[in-house]
Amino acid sequence: MTPDWHSSLILTAYILIFLTGLPANLLALRAFVSRVRQPQPAPVHILLLNLTLADLLLLLLLPFRIVEAASNFRWYLPKIVCALTGFGFYSSIYCSTWLLAGISIERYLGVAFPVQYKLSRRPLYGVIAALVAWIMSFGHCTIVIIVQYLNSTEQVGTENQITCYENFTQAQLDVVLPVRLELCLVLFFVPMTVTIFCYWRFVWIMLTQPHVGAQRRRRAVGLAVVTLLNFLVCFGPYNMSHLVGFHLRQSPSWRVEAVVFSSLNASLDPLLFYFSSSVVRRAFGKGLLLLRNPGSSMLGRGAEETVEGTKTDRGGSQTEGAQSSDFVTE
């Protein structure tokens, strides 16, 4: 079946997100895994690693969306595949919102209370925060999947064509729409509010401290801007569809396009990784060099780069006031 122009646009967007997001997140994954394996990793690196895993989960499920768009949003796979891919896809989105909030809290505490934070922080705190984000997203999305699985695929029209998560009876909407509203409030507006407050204070401190260099200030502003774009551009339209749907008592017609914007998060997060960690900046630099010189071996130099990156992180962090943080003021 040849996709129409609307499906073709969405198909193109999904393919571009997949092609740009997958290699960038794999590079970031390699960098964060090597960093977390070192003794006493910083909580922020644990959170960034989990954010990378959430992005990769979304990207690995994106081919199902690509196939669906190529089929004019007709679902030809088994019913359970629709339920499981939807569960994983939306869980990764909502896990990302709270992980972003956790990263913003870590950044704010690191610059507002550098000495106290350096003395009190533990890797366990990052693990606990990441687990809470995953449990909250999986738990909430499980509720939606249980409701939607009763109608995860439905016959539409007169040609026995099947769609995935698009058609619901009014009785099902009476359950689904309030749950979506709760998702929007708890897993979007609350973490976005926390993130905006933390980055507002974070950027203000970085810009008003006279001993903070211009490069660190630019990275601080870039980190805040990319995170804000994530919430407003990527997650915003999809969650606004929850509010509009609850008001109209039906899913809005533009919900499919909103889901595409939420997928864009997987391509935007690598920019956040770039501003957040010198390990990732070096990994991206090495990756660009490898693209220019295909004959060189990334794997062959992986261990050497990891050791070098770890030493640089530690040295730079100790100078700035806390291990493994690019933004801790003295």
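Cβ atoms are placed via backbone N, Cα and C, with glycine included.
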N-linked glycosylation site according to Swiss-Prot, picked from ASN151, ASN239: ASN151
Membrane topology agreement for GLN38 and ASN293 per Swiss-Prot: yes
In Swiss-Prot, the member of ASN50, ASN167 to which N-linked glycosylation site is assigned: ASN167
PLDDT averaged over the residues of the topological domain 'Extracellular' (65-79): 88
Cβ atoms near ASN167 (N-linked glycosylation site) (within 10 Å, other residues, all chains): 14
